[in-house]
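**Student:** Take this structure, written in structure tokens, and hold onto it; I'll ask about it next.
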Amino acid sequence: MGHGEAGTRTTYLAAPAHPLYPGATTTKMFLYKLKNGAVPGEPVKKDENSRRGNWGNQIEFVLTSVGYAVGLGNVWRFPYLCYRNGGGAFMLPYFIMLVFCGIPLFFLELSFGQFASLGCLGVWKISPMFKGVGYGMMVVSTYIGIYYNVVICIAFYYFFMSMTNVLPWTYCNNPWNTPDCSGVLGGGSNRFNVSLANTTTSLVAGVSEVVNRTKRTSPSEEYWKHYVLNISDDIGNFGEVRLPILGCLAVSWFVVFLCLIRGVKSSGKVVYFTATFPYVVLTILFIRGITLEGAVNGIKYYLTPQWHKVLDAKVWGDAASQIFYSLGCAWGGLITMASYNKFHNNCFRDSIIISITNCATSVYAGFVIFSILGFMAHNLNVPVSEVADHGPGLAFVAYPEALTLLPISPLWSLLFFFMLILLGLGTQFCLLETLVTAVVDEIGTDWIIRNKTVVTLSVAIIGFLLGVPLTTRAGIYWLLLMDNYAASFSLVVISCIMCICVMYVYGHKKYFKDVEMMLGFPPPLFFKVCWRFISPVIISFILIFTVIQYKPITYNNYVYPGWSLAIGFCMAMSSVICIPVYALYKISRSPGATFRERLKFACQPHPSWGPALQEHRIGRYASLASEDTVESRPLREKQELKEEQKGELKEEPKEEEEEEDKERRDEISLTIQGSNGSTNTKKTPIPGEWGAK
């Protein structure tokens, strides 16, 4: 039995007494279990924490975390960073940053959430003054959740548009095309009716046309800009809402809501598909890609090491930033997902598995992307660097155009965009669950726990409405603005303060003991050193690097106006400002005659900080345990037992009155016996008794 199974209770209906509910009779527990669908004589498994719920098993948690960490960035950002920063040489700083920053921070957040069994707000009972960090995480997750689902909805749109014989971005003879359009396959729409010779001729003609033009505009780029987005000329010129994109956004949010309708119980089942099938698609595309002519050149371009770039600080900065953002640190999602683990689950093992899987996926995706791009560059007779791109440009322009060169191109397009949808949904599940869990844990009433689905629906509706402006003609400008500012340096600040709070304010020795109490073994020495010294230094380096390398955002040739950049900085600061604002509020409300006394009180752990379940509150937490700390009983069971207790309380006074009357009658009937060997009974005299004497 592993750590993940520790603490699991199996209750048999035939048991003569219930160990958890001594006040409940066997018959009542039998009827209760029958009412809840149990089969007489069969074991009934319950969640360790039945008030909040747990993952069905540990595989669900690992798959959900893999789906959360492995997202669109693994496909459309890492391969681009790799070839831009020295190819194979980039792997060296990338894996060094993974070992010294990525895995330690991942383990810290998982252990933090699992120990307290609370979301990104509740865990700050560890030091209430720092609860603003939790609010900052919520703000970041809100921003990301809004624009991330818009990207997913565009992938949905491309997926639906791929259900055709000829992909609509194959040729230049469409109403939205401009005279500058130059298709790789010429201008005919009867691609499937021409002979192989004609196809070769059109390819040569297309390549010649590309070479002769000073600037080539591909049909996929024009389809993206002029048809899908119908992009406006300025970020302030919203124009009309793109109804097809709006419809896909509604579909995307509806799918996310359905998968989270029962919280981790439903999403834990969905991830068996959403977290694994992208690897099937990646493998199919990889096998198809490496068999294409020119694929080797693309892969060489991706992996050929340029060792002189290792000495460039920018390469190390990009490696650290990619590791940090790719793993999803400081979003609040890791803390939230881990909070549904059983207390003794081995999250140390999980953190290593998930982190390595995430990075291996990024490297694997690079082969898939560059094998196809190498094939495209070979056909166009241009260097790979001219067709390589990142972000939306890769996902919705470069790669879709490369797919048009393949036989049965709609099939490959369907697979590619289905993979993007699943990668996006895996991350979106955790973003939404982070917000819902934070709200439910913070309010904490029985009603809100029973009606968690209502909270999920409300958050989904609000997210959909806030995403509507991103479906307008200026939507892509706002999407990129949020992507560049809402979740950039603010995440670095949040993560750094979290390390400082746990290691230095709460105390590293206490936290190491907490982890040992939870896992059964202390954190390895390497992780202790990383948490206290190395990781905070690397995080600080990322922050400094981000500030030094800052450049105003642009989109193609469009330069963002100053007022839009000001909005971007406000979005970035809105999550960070939560930290000092809440700290000042907490200090002002804390008892104490001086500022120092109030500060000390605000930094002390809340009395209820510690393991959520009473049975796990041992050692120094045993003295702090109280009946109100945790509710480990199911809600319906708790209500039934409360009703029983109320009934018993009502019956007790009646029984006491009957006993008192009986005692009085017995005393009245007694007579004072003499010295015949009996014991004299002293009693309260009744009227007339002394007179009778």
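Just so you know, glycine gets a Cβ as well, placed from its N, Cα and C.
According to TrEMBL, the protein carries these features:
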{"type": "TRANSMEM", "residues": "61-79", "note": "transmembrane segment"}
{"type": "BINDING", "residues": "G67, A69, V70, N74, S326, N358, L423", "note": "Na(+) binding site"}
{"type": "TRANSMEM", "residues": "91-112", "note": "transmembrane segment"}
{"type": "TRANSMEM", "residues": "133-160", "note": "transmembrane segment"}
{"type": "DISULFID", "residues": "C172-C181", "note": "disulfide bond"}
{"type": "TRANSMEM", "residues": "243-261", "note": "transmembrane segment"}
{"type": "TRANSMEM", "residues": "270-290", "note": "transmembrane segment"}
{"type": "TRANSMEM", "residues": "323-340", "note": "transmembrane segment"}
{"type": "TRANSMEM", "residues": "352-377", "note": "transmembrane segment"}
{"type": "TRANSMEM", "residues": "411-432", "note": "transmembrane segment"}
{"type": "TRANSMEM", "residues": "453-479", "note": "transmembrane segment"}
{"type": "TRANSMEM", "residues": "485-508", "note": "transmembrane segment"}
{"type": "TRANSMEM", "residues": "529-550", "note": "transmembrane segment"}
{"type": "TRANSMEM", "residues": "562-585", "note": "transmembrane segment"}
{"type": "REGION", "residues": "629-693", "note": "region 'Disordered'"}
{"type": "COMPBIAS", "residues": "630-653", "note": "compositional bias 'Basic and acidic residues'"}
{"type": "COMPBIAS", "residues": "670-683", "note": "compositional bias 'Polar residues'"}
**Student:** Given pairs 6 or more apart, does the transmembrane segment (323-340) have at least three Cβ pairs under 8 Å with the transmembrane segment (61-79)?
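**Tutor:** Counting Cβ pairs under 8 Å (6 or more apart in sequence), the transmembrane segment (323-340) reaches the transmembrane segment (61-79), since there are 3 or more.
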**Student:** Tell me the Cα distance separating C172 (disulfide bond) from A69 (Na(+) binding site), rounded to the nearest angstrom.
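**Tutor:** That comes out at 38 Å between the alpha carbons.
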**Student:** Counting Cβ pairs closer than 8 Å, which of 133-160, 411-432, 453-479, 485-508, 529-550 has the most of them with the transmembrane segment (270-290)?
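**Tutor:** Ranked by Cβ pairs under 8 Å, first place goes to 411-432.
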**Student:** Only counting partners 6 or more residues apart, tell me which same-chain residues put their Cβ under 8 Å from the Cβ of G67 (Na(+) binding site).
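**Tutor:** Non-local contacts for G67 (Na(+) binding site): V271, T274, A275, L423, L425, G426, T427, F429, C430.
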**Student:** Under 8 Å Cβ-Cβ from C181 (disulfide bond), six or more apart in the same chain: what's there?
**Tutor:** C172, T217, S218, P219, E222
**Student:** Please work out whether the transmembrane segment (91-112) lies in contact with the transmembrane segment (243-261), by counting C-beta pairs under 8 angstroms that are 6 or more apart in sequence and asking whether there are at least 3.
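**Tutor:** Contact absent: fewer than 3 Cβ pairs fall under 8 Å.
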**Student:** Take the mean position of the Cβ atoms of G67, A69, V70, N74, S326, N358, L423, the recorded Na(+) site. Which other residues of that chain put their Cβ within 8 Å of it?
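**Tutor:** Going along the sequence, the neighbours come out as V66, Y68, G71, G73, T361, S362, G426, T427.
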**Student:** Under 8 Å, at least three CB pairs between the transmembrane segment (485-508) and the transmembrane segment (562-585) (pairs 6 or more apart)?
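**Tutor:** Judged by the Cβ rule, the two regions touch, with the required three close pairs present.
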**Student:** Could you tally the C-beta atoms, other than its own, that fall within 10 angstroms of the C-beta of L423 (Na(+) binding site)?
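**Tutor:** Looking across every protein chain shown, the total is 28.
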